[in-house]
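See below for the structure under consideration.
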Ligand code: SF4
């Protein structure tokens, strides 16, 4: 599926103006002497924020949480975007090896204690990064979950970090319109029916009865109550 085929109508949004606003905010942080970093999961929708960062300030380090459980397609997408956009990507991962991430019965934590698995592989490694910086940019959007719907563009996070969510108000249609206008690559799993892509054991295909641009996170942690990994609820 091409990005063109999933865009159904043009938006009145002026993306250049939006990017200019973000550039001004980033410039203000720099002027105030704040140290900035971004994080990205390099899932399909991530390309928007990554492109914006590449237009605004390519020196901003972008931390990628290498959980060891990513789809090979996500790693390929990360490498493709790093080269195309000239990003400054830093991989981080847990100190605990995968073969030690098991419960008392030897079962992998992602299968029996996913909150613990997410804490080990996502929350803890990123929490270690926070004290080095003043501002954390990430690409969450209100339409992605009820938790994210309550968030503000700027919020105080853990360890005194200022969370900055520059595309918080963008909906999925705008995301794909931006991808189309900028001729950005699509994560290859979109063509296979995935929309929100996390770790392989915890990601299924999106609900085929909903349009792909409907903020559909139905593929994440299917069959569980879990909707968040903890990065946006505890940091
Ligand atoms: S998404 Fe799944 S595999 Fe990835 S860290 Fe969380 S529980 Fe573990």
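Heads up, the Cβ atoms here are built off N, Cα and C, so glycines get one too.
What you are looking at is a predicted structure, and each value in this text was computed from that prediction instead of being measured.
Feature annotations, courtesy of TrEMBL:
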type	residues	note
ACT_SITE	229	active site, nucleophile
BINDING	117, 118, 199, 202	[4Fe-4S] cluster binding site
COMPBIAS	221-235	compositional bias 'Polar residues'
DOMAIN	36-204	domain 'Phosphoadenosine phosphosulphate reductase'
REGION	211-235	region 'Disordered'
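Closest in space to residue 229 (active site, nucleophile), of the binding-site residues given as 117, 118, 199, 202, is 118, taking the CA atom of each residue. The [4Fe-4S] cluster site, placed at the center of the C-beta atoms of 117, 118, 199, 202, has further neighbours from the same chain whose C-beta lies within 8 angstroms: 67, 69, 110, 114, 121, 122, 198, 201, 221, 229.
The Cβ of residue 199 ([4Fe-4S] cluster binding site) has 23 neighbouring Cβ atoms from other residues within 10 Å, across all protein chains displayed. Assigned with DSSP, the residues of the compositional bias 'Polar residues' (221-235) fall into helix, strand and coil as follows: 4 helix, 0 strand, 11 coil. Non-local contacts of residue 117 ([4Fe-4S] cluster binding site) by the CB criterion (under 8 A, 6+ apart in sequence, same chain) comprise 101, 108, 109, 110.
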